[in-house]
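Beneath this line is the structure, given in structure tokens, with notes to follow.
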Amino acid sequence: MYTIDDLNVRLLSELKEIAEEMGVKNAKKLSKQDLIYKILDQQAVAGEAAPARKPPVAPAASSSPATASASAEPERKMRPRRRENVAPTPAPPVPKTESDFSSDEILDSIDINFDSTPQTFAEPEPENLDNEPEINTQEDLIRAGRADVREERPIQYRVAIREFDGAINNEGVLEIMQDGYGFLRSSDYNYLASPDDIYVSPSQIKLFGLKTGDTVKGSIRPPKEGEKYFALLKVESVNGKTTEEIRDRVAFEYLTPLFPNEKLKLSTAPDNLSTRILDLFSPIGKGQRGMIVAQPKTGKTVLLKNIANAIAENHPEVYLIVLLIDERPEEVTDMARSVKAEVVASTFDEQAERHVKVASIVLEKAKRMVECGHDVVILLDSLTRLARAYNTVVPSSGKILSGGVDANALHKPKRFFGAARKIENGGSLTIIATALIDTGSKMDEVIFEEFKGTGNMELQLDRKLSNRRVYPAIDVPASGTRREDLLLREEELQRVWILRKFMADMNSVEAMEFLQNKMKGTRNNDEFLISMNG
């Protein structure tokens, strides 16, 4: 006898073999659950219908009267339904043949047994059992079997329910609301509100000391009835560290900033002159606050792309973020496909509030990672348009500068750009931002003047070079890095100074053409410097 639990653990092929042995029709076409129910039904029919249809066995000629009376008793108990339906009337005379009874003694003993037993039912004839239609009995047994299966189905359904709590792991950047709870925002939606948000309770935020911008990874559960979001069950790591390691971290504002002293190597291929020139004349270190000053259509976006690919190739330990604010949608797609970095964007067709929100959450994420000792690089395009967005969003203070810039509008863009720093005892935040000039807008000129002295690396691009299709369109004499002696070797620094003295009397076009002619025949910067005379 098979139970429903025995059948559930068997394979479908085994169930089909069992069904074929039991005579189930169309067993190969049924699904597993239907096959189980068919087997149970057939098993119930076979188990109960076989003794019901079995004709009474005639006693042998040599059997004793006691044996005959004993064999008559099970026949009376075999059909209990007939007792309730048939009225207590005298039994009709049963015809007896010589083949059934061979002696008068057996007949006398059977008569005595019938007289001593109360006549409460009529014994059916063997011929009537064979001629009786079996449809009713079959249907009754099938219904009884199905009723037994239905009683077990709720149990099987309860077993099939699986709890998915903790079965799914996910991560996101935490944004804490004013009410104390928070959500883990997804990078697929540029860290804005989305259906993929994960709810974080206030108790979890207080327990682990979480802040806005923390990259939290943990196990989650699906939303229950009446809930809208997935919920965080267990915190596994925060910014790549355990919860014990980040509990006593020092806030970003209290970390000690230093001059960058670890250089980011940008040289990759011999024919990539833009990064090779940057390595020599405007080196970038971990913690650099650099500004690329560019006129329109001078190739600043392509230069940013080359810098991003060089950092991703030479420094895999650095977490690279490309932040595109108020840019064209096709440039966002091109950057995401050509750069091995996280690209966060807010295109020009979005509102200024979205620009500000995206930039704020990216900055908070970078700060939290620096607090945990990571090296982060943000490539911002462009700082001018970010300042324009803040100027649109900020409440009016009543003090308007020239160009229509509010007096308080540039405070938050300065905080964004000023967050770049090298941290003592580990961690750095590098920001390379582009600034627009000569656009014909007075506001852009005011914004550039406000940020002019805040960076410690400046790279000037020249429109004259780009008009001649000379790329990279870098104005080498006007570009440079503060405290470059901390980033370059002594011998390398001396040769760079000699080059600068030699190109001091040249304009930007002559200087770039001179460098291109001399660097094209060398494989790297070291070979180029060695090839110099003296």
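Note that Cβ sites are derived from N, Cα and C of the backbone, with glycine treated the same way.
The region 'Disordered' annotation in TrEMBL covers 47-101.
What TrEMBL lists as compositional bias 'Low complexity' is 59-72.
In the predicted model, the domain 'Rho RNA-BD' (167-242) has a mean pLDDT of 92. According to TrEMBL, the feature domain 'Rho RNA-BD' maps to 167-242.
Annotation comment: TrEMBL describes Gly285, Lys286, Gly287, Gln288, Arg289, Gly290, Lys297, Thr298, Gly299, Lys300, Thr301, Val302, Arg328 as ATP binding site. There are 22 other Cβ atoms within 10 Å of the Cβ belonging to Gly285 (ATP binding site).
The Cβ of Lys297 (ATP binding site) lies under 8 Å from the Cβ of Arg463, Ser466, each on the same chain and at least six residues away in sequence.
Counting only same-chain residues at least 6 apart in sequence, those with a Cβ under 8 Å from the Cβ of Thr301 (ATP binding site) are Glu327, Glu331, Met335, Asp381, Thr434.
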